[in-house]
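This report concerns only the one structure given below.
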Amino acid sequence: MPKDTSISSILVIGSGPIIIGQAAEFDYSGTQGCIALKEEGYRVILVNSNPATIMTDEAFADEIYFEPLTAESLTAIIKKERPDGLLANLGGQTALNLAVELEETGVLKEHGVKLLGTSVETIQKGEDREKFRSLMNELKQPVPESEIVDNEADALHFAESIGFPVIIRPAYTLGGKGGGIAPDKEAFTAMIKQALLASPINQCLVEKSIAGFKEIEYEVMRDSNNTCITVCNMENIDPVGVHTGDSIVVAPSQTLTDEDYQMLRTASLTIISALDVVGGCNIQFALDPFSKQYYVIEVNPRVSRSSALASKATGYPIAKMAAKLAVGYTLDELKNPLTGSTYASFEPALDYVIVKFPRWPFDKFKNADRKLGTKMKATGEVMAIERNLEAAIQKAAASLELKNIGTHLPELSGLSIDTLWDLAITPDDRRFFVVMELLSRSVSIDDIHEKTKIDPFFLHTFDNIIKLENRLMEAGSDLSFELLKKAKEKGFSDATIASLISKTEEEVRALRKEMGITPSFKIVDTCAAEFDAKTNYFYSTYFGETDGDISRKEKKRALIIGSGPIRIGQGVEFDYSAVHGVLTLQELGFETIMINNNPETVSTDYEIADRLYFEPMTTEHIVNVAEQENIDFAIVQFGGQTAINAAEALEKAGITLLGTSFQTLDVLEDRDQFYQLLDELGLKHAKGEIAYTKEEAASKASEIGYPVLIRPSYVIGGMGMIIVDSQAQLSQLLNDEDSMPYPILIDQYVSGKEVEIDLISDGEEVFIPTYTEHIERAGVHSGDSFAILPGPSITSGLQQGMKDAAQKIARKLSFKGIMNIQFVIDNGNILVLEVNPRASRTVPVVSKVMGVPMIPLATRLLAGASLKDLNPAVQNHHGVAVKFPVFSSHAIQDVDVKLGPEMKSTGEGMCVAYDSNSALKKIYTRVWSQKGSIYLQNVPEDVKELAENAGFTIHEGTFASWMEQEGNSLHINLSGSEEARKERLEAMTHGIPVFTEEETVRAFLQSGSGHPQPVSLKDLYKKEVASCTQ
């Protein structure tokens, strides 16, 4: 069936800012989908408020709207753009919920918009717990004993009738938001309130707990001809009870018999056919490990986190195919681009094993509740590919960028057996490492299985690693060829082996190469070598010979180092930079080699770089790839702190770094050298010192004068930063040795206006598209600040002063490429706060708002062009953008959103308008439309007057009485007290927006005069182009 020619324009709904449960995987799926639609000649209208994404670039859509993802906003865009079709199954839960709302309110019918792909009826059958259960009963597909409830009384009555523990699953939510396992009545009573609040239709499923069953997922595709295939099946190492996003996942499944596999495959195909899904669908099962009894847990009638994982695990482009199916194609009409010969109706086959390992934010949030359950808490994930499970597990662990040594966390070595058992039975993010610690202490596999319900197969796999560790320690420096080869085959890194035999990583590498033990590189081809595949997708292993032909061509080869897993401080914006670096290098005639390990991202789409290597971002693996490819140079400016941290080791390995030498990086990261540089250039900065001991820290803080800012070096996202107001507070902080990784930096804290610039330089001149002004004072991390660009109060004199400072720094360092500089304006004085010699998280924002392709320009400068050659210019526009932070308070409990120098937001959004008040008002559309009650604490009197003048009602009673009433719009709480923290957390758990900074409050209240209307990026630009003189 050919494509649908009755439609010519399609509205695509994106997933919005990154939050836990809905992250970079939707940029990958959305980008694939937009590319697929553009290939077919459709006009694509994209609505997505996330500026950090690839999909919101001009190349992927004809009109791009950074607008609130609300039904009201989409209705206005539909009236303006008059699309023929709407595609909602690429934008996660956000897009699905909006599609249902637009259908139910009659907007789609009124404006003649056809919902493409999966119908609203199908969405409701998958998402509405009552309709889902009814359909499963019709199909005779077993579901756990359950009850659909819409009030607390009915919920409690049912829970008590079936007995605790029970699982609570809210309808129309993602990442298990609002749900969980309630072990008893007390926990249930608290959880059911939050669960009903979390569901947009106030509906929950309360079901008998089947925690401890195996959790199995099938990723399935279906077309309009009812042709169905399973793309991939996956097995969670953690049993049912831990959200799949928080579980280590293996593909293909490892412990199912063929009968089990076929039984669940048949059930998957039955379900997707009955749902009438057109596109991709994820189906989750619970399987009794002691029988053939299974239950259907959940169906996601859309592309999902698991879809992205399945796509990267198999090489099958699920989102791209889903978009093509949505416009009428069938699976037997579409070719798999990875093989070039098989059709999309051909089920992938794997001759390797993949492991997905979640990445949690608890290295930043040490006091948060890290226990795992049915509510997802991971911010991102890594994926590893290997020929055996032991090696895949070890590669995945090496990809996490934690303080682990192989499969061990040093912090666990001092814990008692009883404490380790507690952590294993009631799991948190360290569970895998806890199990490895138990095994290393000779605890039996049977005991661990009995208490954790982890399948013995996986535990034996883990124990194989421990046994090989013991053999390596016994051998010591007398390491045989056979033992070293075995260790490498099982995934032991050079660094881990070095730690076991008391040698350096360099010594192990030299010994390995001397023995002729080097990796081979195998291809991912979707067909297990059954067909001749033209693939460029590789992974390393120590089995067999290298696949494919990578013989040297005439082109120079560039290695681009990616940014690894999504975590707070290093999000999808760095993938944006890496992808544009690759595309520009290709335009310039280079062969591009991408190394990364994040299955959610566009950069790990095999169609982006000339060759893709899915590998840990460690020195060993990066150097292995560089040697295999015989690269000419590497670029570390586009991969965030991950790539920057690899710079020294890469230079030592003889790899040329383009644009940024390690010496330059060291000058900017080491505070002593940095301040010496600024002093030499005559640039003002806050007073700062380095302290190597507790006593030195106390002495230097007193010398500088309070308040001071304390932080470690070489970090991103402000990790470990804190503002200290007094000697007493410092003493308390210094007594906590774990929080102070010496040496530490102690800077004078200056509370002024913060401004940042993203610039490009050829080593002589600099080009600055705009000056981004933070709304909050300095001291609030730039990633957590609201920011306006172009900055409205940055005078021409201040602009010139900042440009002069930037030019002095770039010339002194002979810096080429892209750089971010943060300034504080204090009583008219310009102080240099920080210089980041890499692409920053604001690069995508600046690029899109100002119409300047920052990364392509920076890449050309790295390749040898001058600014004079490029003559960059900003597009003349008559609008403004406001960037705003987004926090995942629904997932990470006990983390206060009181802003400070350590970043806490998981993502960012952006709204554009013709004035700043209108842009700001869009961010809080629902608050302004409601204009309900506000609770104020510790605010100036005139703020109260501003709120009343804006039409809000001020609650004069206690916080407790305010929380008992309905119609609450906003909690404004500027206090730093413990009571205030608890109040903020309670407000957030009820979905009430919270402001913690006076500057944000004032900007918000002033925005009431704005007049929001849909504004696309193209609407902002005029036809003529103006040269940038900043």
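The backbone N, Cα and C atoms fix where each Cβ goes, glycine too.
These come from Swiss-Prot:
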- Arg129, Arg169, Gly175, Gly176, Lys208, Ile210, Glu215, Gly241, Val242, His243, Gln284, Glu298: ATP 1 binding site (BINDING)
- Gln284, Glu298: Mn(2+) 1 binding site (BINDING)
- Gln284, Glu298: Mg(2+) 1 binding site (BINDING)
- Glu298, Asn300: Mg(2+) 2 binding site (BINDING)
- Glu298, Asn300: Mn(2+) 2 binding site (BINDING)
- Arg711, Gln748, Val750, Glu754, Gly779, Val780, His781, Ser782, Gln822, Glu834: ATP 2 binding site (BINDING)
- Gln822, Glu834: Mg(2+) 3 binding site (BINDING)
- Gln822, Glu834: Mn(2+) 3 binding site (BINDING)
- Glu834, Asn836: Mg(2+) 4 binding site (BINDING)
- Glu834, Asn836: Mn(2+) 4 binding site (BINDING)
- 133-327: domain 'ATP-grasp 1' (DOMAIN)
- 1-401: region 'Carboxyphosphate synthetic domain' (REGION)
- 402-548: region 'Oligomerization domain' (REGION)
- 929-1030: region 'Allosteric domain' (REGION)
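Shown here: features listed in Swiss-Prot, placed on the structure.
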residue: Arg129; record: ATP 1 binding site; DSSP class: helix
residue: Glu215; record: ATP 1 binding site; DSSP class: strand
residue: Val242; record: ATP 1 binding site; DSSP class: coil
residue: Gln284; record: ATP 1 binding site; DSSP class: strand
residue: Glu298; record: Mn(2+) 1 binding site; DSSP class: strand
residue: Gly779; record: ATP 2 binding site; DSSP class: coil
residue: Gln822; record: ATP 2 binding site; DSSP class: strand
residue: Asn836; record: Mg(2+) 4 binding site; DSSP class: strand
Binding-site residues near Gln822 (ATP 2 binding site) (Cα-Cα within 10 Å), from Arg129, Glu298, Asn300:
none
Just give me the nearest neighbour of Asn836 (Mg(2+) 4 binding site) among the binding-site residues Glu215, Val242, Val750, His781, Cα to Cα.
His781
Three states by DSSP: which one describes Arg711 (ATP 2 binding site)?
strand
Let me know how many other Cβ atoms fall within 10 Å of the Cβ of Arg129 (ATP 1 binding site).
24
Let me know how many other Cβ atoms fall within 10 Å of the Cβ of Glu215 (ATP 1 binding site).
24
Which binding-site residues from the set Lys208, Gln284, Arg711, Gly779, Glu834 come within 10 angstroms of Glu298 (Mn(2+) 1 binding site), judged by C-alpha positions?
Gln284
Residue pair Val242 (ATP 1 binding site), His781 (ATP 2 binding site) - Cα distance, angstrom, rounded:
32
What are the DSSP helix/strand/coil residue counts across the region 'Oligomerization domain' (402-548)?
77 helix, 13 strand, 57 coil
Integer Å distance between the CA atoms belonging to Glu834 (Mg(2+) 3 binding site) and His781 (ATP 2 binding site):
12
What residue among the binding-site residues Glu298, Glu834 has the most other CB atoms lying within 10 A of its CB?
Glu298
Need one number for the ATP 2-binding residues Arg711, Gln748, Val750, Glu754, Gly779, Val780, His781, Ser782, Gln822, Glu834: the maximum pairwise CA distance in Å, whole number please.
18
In angstrom units, rounded to an integer, how far apart are the Cα atoms of Arg711 (ATP 2 binding site) and Arg129 (ATP 1 binding site)?
48
List the Cα distance (Å, whole number) between Lys208 (ATP 1 binding site) and Asn300 (Mg(2+) 2 binding site).
21
Between Gly779 (ATP 2 binding site) and Glu215 (ATP 1 binding site): CA-CA distance (Å):
45
